[in-house]
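Annotated in TrEMBL:
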ACT_SITE  62  active site, proton acceptor
BINDING   63, 66, 68, 70, 72, 86  Ca(2+) 1 binding site
BINDING   158  substrate binding site
BINDING   190  heme b binding site
BINDING   250, 263, 268  Ca(2+) 2 binding site
DISULFID  64-69  disulfide bond
DISULFID  114-335  disulfide bond
DOMAIN    33-339  domain 'Plant heme peroxidase family profile'
SIGNAL    1-26  signal peptide
SITE      58  site 'Transition state stabilizer'
Ligand code: HEM
């Protein structure tokens, strides 16, 4: 073996370290160690439990929509709210992924806020779930808040029974300023993940907002509404593409006929295909058809997958950049608790 020139050796070592430290399984390189650690943990967690990916994408929305991106959704207890934190909000039903954030926090320590970790983790989950089609860069530097109220979460997060006007107002609220186009773009996140029966029970009755009758029967068969009266709240996939073959048969849902890729679990524009044939889960999805401009965007994103990928990435950057509100911002030691018992 040729002897390495003394001047070349450090370069080789540096290159090796670069490629080992910076290259994730999916091929993304991050120029800082925090993002690299986040990436690796998200990849591991999603490989172990695929439902973590959608949960992390949703967490970004639910954190940043309430007091800005301040990690408030992660808190179990605060000096002002006790244990009645955002996690207890009705609109936060099904929220998950907290353990992954905890694990990452243990690895990065004080080098990143919980709000940064959450934003990076959601970004990486979107990248992996979209098979690399949705990728965006976001800076760090977010700070963690010390307030987290269930009531504030329920007052700020949109509900699945909202009509179009309520969604539009919610998205356009001062401090957010999200457009109808961004509402339509971000709703495409419902191509992944699951929902509880209580979140779509209004879609199963005779007076439901328009819904394909086969799809409605399949939903009622898979999760009979009476279960709610018996204390059960089962889930179905948000996207019929991700449901079992039996469900798809009941729902007369054939991905090829609908024009979507049959691969389950992918974050893509299938939501728009489904919406335009009334096979979407929530009223808040369907009502996008009731506004002329929103409906035209549904059609546009159905027809142009690449455009949706890039517009979704841009909207996620905007979402992940909503500034933290309030005072006493800090870098939490533990994402579930504020650093102090009280604040002036
Ligand atoms: C437009 C207003 C929105 C409404 C009314 C809404 C409502 C909901 C509801 C009710 C669920 C099911 C919760 C459950 O029953 O477990 C859900 C799930 C989900 N939402 Fe939304 N959402 C909206 C916007 C968004 C946005 C902007 C994103 C992300 C950018 C998002 C991402 C998700 C994801 C990924 C899931 C599945 C989560 C999982 O499987 O863990 N949603 N949404």
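For all residues, glycine too, the Cβ spot is worked out from N, Cα and C.
Note that the structure is a prediction, hence the values are computed from the model and not measured.
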Segment confidence, the domain 'Plant heme peroxidase family profile' (33-339), expressed as mean pLDDT = 98
Task = Among the binding-site residues listed here (63, 70, 86, 250, 268), identify the one with the smallest other-Cβ count within 10 Å.
result = 250
Message = Can you tell me which of the recorded positions 58, 250, 263, 268 is spatially closest to residue 86 (Ca(2+) 1 binding site)? Compare CA atoms only.
response = 58
Query = Per residue, counting other C-beta atoms within 10 angstroms of the C-beta, which of the binding-site residues 72, 263 reaches the highest number?
reply = 72
Key: Most crowded position, judged by CB atoms within 10 A, among 68, 158 as binding-site residues   = 68
Request  = Among 69, 114, 158, 268, 335, these being the recorded positions, pick the one whose CA is nearest to that of residue 63 (Ca(2+) 1 binding site).
outcome  = 69
Task = Select the closest residue to residue 250 (Ca(2+) 2 binding site) from the following recorded positions, measuring between CA atoms: 58, 66, 69, 114, 190.
result = 190
Query = In sequence order, which residues at least six apart in the same chain have a CB under 8 Å from the CB of residue 64 (disulfide bond)?
reply = 119, 319, 320, 322
Ask   = At the level of the C-alpha atoms, what whole-angstrom distance separates residue 158 (substrate binding site) and residue 62 (active site, proton acceptor)?
value = 10
